[in-house]
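J.: There's a structure below that I have some questions on.
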């Protein structure tokens with residue numbers, strides 16, 4: 001029989017999926033991870049790996065829901081290793097939107113669930129799914145603390161001059177329309193890891209963190225606290241993303257409704273799911289075929305990457321203002337961790353004005369997914385350190401959950 005340390009279960013629910021992991025919050029070792037997907041559909045299924053081994057997949061039965069998925073995890077998957085099941089002492093839930101209510105991880109109770117429900121208008125796709133996951137997890141793991149870790153919490157330290165919109169006051173006071181940001185758990189992790197690489201106390205660092213996945217955001221982190229971020233009221237704002245347009249003149253909405261006869265919902269669908277790198281490249285929302293097209297001379301792929309790099313570089317440059325000086329720029333997420341071509345395009349935009357210099361060889365060989373989770377890709381004479389760091393939101397969530405264990 002295996003002997004396990006105290007572990008945490010981390011749950012991340014989508015509308016038709018549950019991503020789960022059981023890990024040691026101290027060293028980050030993952031004992032089990034998996035995904036239940038196509039929930040509510042005919043081909044609902046679950047897959048899992050023990051200790052990074054071979055993947056096992058099993059049907060959950062037509063129409064299986066979130067509760068059924070976690071029930072299968074307990075009664076079938078973990079039945080193979082009762083000691084691992086017994087080692088779980090806390091459950092952390094990733095919650096996309098906590099509004100301006102929560103600025104730190106919070107023990108889940110009925111009031112917290114109701115508050116998550118109240119801010120559904122700001123995360124209509126995510127928060128309802130999170131609530132399903134909370135109910136399912138609490139039903140299957142009733143005797144352990146369940147902790148909500150909010151993507152928006154890290155950004156609650158932004159000052160009003162950063163998070164307010166220049167719109168009538170009642171829209172803020174009555175409707176809570178303001179910048180909330182996203183990916184906060186990732187930005188927190190990246191800033192802490194960068195401080196370690198700098199060899200400085202977190203409180204003495206000024207860091208720009210870039211979470212570059214299909215969704216993407218950049219944050220200014222001063223002394224370990226966020227003072228500005230690129231995403232706004234929703235994750236649509238800011239950088240160009242896989243299928244999202246990012247920052248855009250609001251008049252484009254009015255124009256499309258007026259000239260094209262589109263409804264606001266149709267415009268929202270286009271801006272969120274049919275724009276971004278997909279729209280500009282005409283190839284994909286995935287950077288790999290876009291980079292391949294760029295290397296083959298495809299003009300639309302070239303434009304897409306140049307627009308992406310230019311927008312990101314401008315955001316990075318703008319954060320020199322609130323930070324005063326910058327100790328490090330961190331690139332992470334699927335694109336930041338595995339995209340040397342995109343990284344180079346971004347950093348070259350910053351070279352002339354800010355003295356950011358890239359070590360081409362280090363950049364080409366920095367592939368953190370191959371087992372190295374941190375790399376330095378800036379040249380020795382660069383004005384600022386540039387790190388590629390593999391983000392680990394699950395570890396941050398696990399540690400937050402474990403902090404509630406008595």
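Note that Cβ sites are derived from N, Cα and C of the backbone, with glycine treated the same way.
Annotations for this protein, taken from TrEMBL, read as follows:
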{"type": "ACT_SITE", "residues": "151", "note": "active site, proton donor/acceptor"}
{"type": "BINDING", "residues": "12, 393", "note": "Mg(2+) binding site"}
{"type": "BINDING", "residues": "19, 211, 212, 213, 214, 215, 286, 287, 288, 334, 335, 336, 337, 338", "note": "ATP binding site"}
{"type": "BINDING", "residues": "94", "note": "substrate binding site"}
{"type": "SITE", "residues": "183", "note": "site 'Transition state stabilizer'"}
{"type": "SITE", "residues": "244", "note": "site 'Transition state stabilizer'"}
J.: Which site among 151, 286, 393 has the most other CB atoms no more than 10 Å from its CB, taking these as recorded positions?
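T.: When each Cβ's neighbours within 10 Å are tallied, 151 leads.
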J.: Using a 10 Å cut-off between Cα atoms, which of these recorded positions sit near residue 19 (ATP binding site): 12, 151, 183, 244, 393?
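T.: So far as Cα distances go, the recorded positions lying within 10 Å of residue 19 (ATP binding site) are 12.
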J.: List the residues of the same chain that sit at least 6 positions away from residue 12 (Mg(2+) binding site) in sequence and have their Cβ under 8 Å from its Cβ, in sequence order, or write 'none'.
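T.: Residue 12 (Mg(2+) binding site) has long-range Cβ partners 18, 19, 20, 93, 94, 133, 394.
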J.: Could you give the Cα-Cα distance between residue 286 (ATP binding site) and the residue listed as 'active site, proton donor/acceptor', in whole Å?
T.: 23
J.: Counting Cβ atoms within 10 Å of each candidate's own Cβ, which of the recorded positions 19, 94, 183 comes out highest?
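T.: By the 10 Å Cβ neighbour count, 183 comes out on top.
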J.: Measure between the Cα atoms of every pair in 19, 211, 212, 213, 214, 215, 286, 287, 288, 334, 335, 336, 337, 338, the residues the record assigns to ATP, and report the largest value in Å, rounded to a whole number.
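T.: Comparing all Cα pairs, the maximum is 24 Å.
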J.: For residue 214 (ATP binding site), which of the listed recorded positions (151, 183, 244, 393) have their CA atom within 10 A of its CA?
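T.: Those close enough are 244.
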J.: What is the interatomic distance between the Cα atoms of residue 183 (site 'Transition state stabilizer') and residue 393 (Mg(2+) binding site), given in whole Å?
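T.: About 9 Å separate the Cα atoms of these two residues.
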J.: Across all protein chains in the structure, which of the recorded positions 244, 288 has the highest Cβ count within 10 Å?
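T.: Result of the Cβ crowding comparison: 244.
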J.: Taking DSSP as the reference, which of helix, strand or coil describes residue 286 (ATP binding site)?
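T.: Its secondary structure by DSSP: coil.
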J.: For residue 212 (ATP binding site) and residue 393 (Mg(2+) binding site), what Cα-Cα distance in Å is obtained after rounding to a whole number?
T.: 14
J.: Identify, in sequence order, the residues in the chain of residue 335 (ATP binding site) that are 6 or more apart from it along the sequence and have a CB within less than 8 Å of its CB; answer 'none' if there are none.
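T.: When sequence neighbours closer than 6 are ignored, residue 335 (ATP binding site) has 212, 213, 216, 287, 342 within Cβ distance under 8 Å.
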J.: Ten-angstrom check, please: count other Cβ atoms within 10 Å of the Cβ of residue 214 (ATP binding site), all chains counted.
T.: 17
J.: I'd like to confirm something. Which of the recorded positions, 151, 244, 288, 337, has a Cα closest to the Cα of residue 393 (Mg(2+) binding site)?
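T.: Smallest Cα separation from residue 393 (Mg(2+) binding site) among 151, 244, 288, 337: 151.
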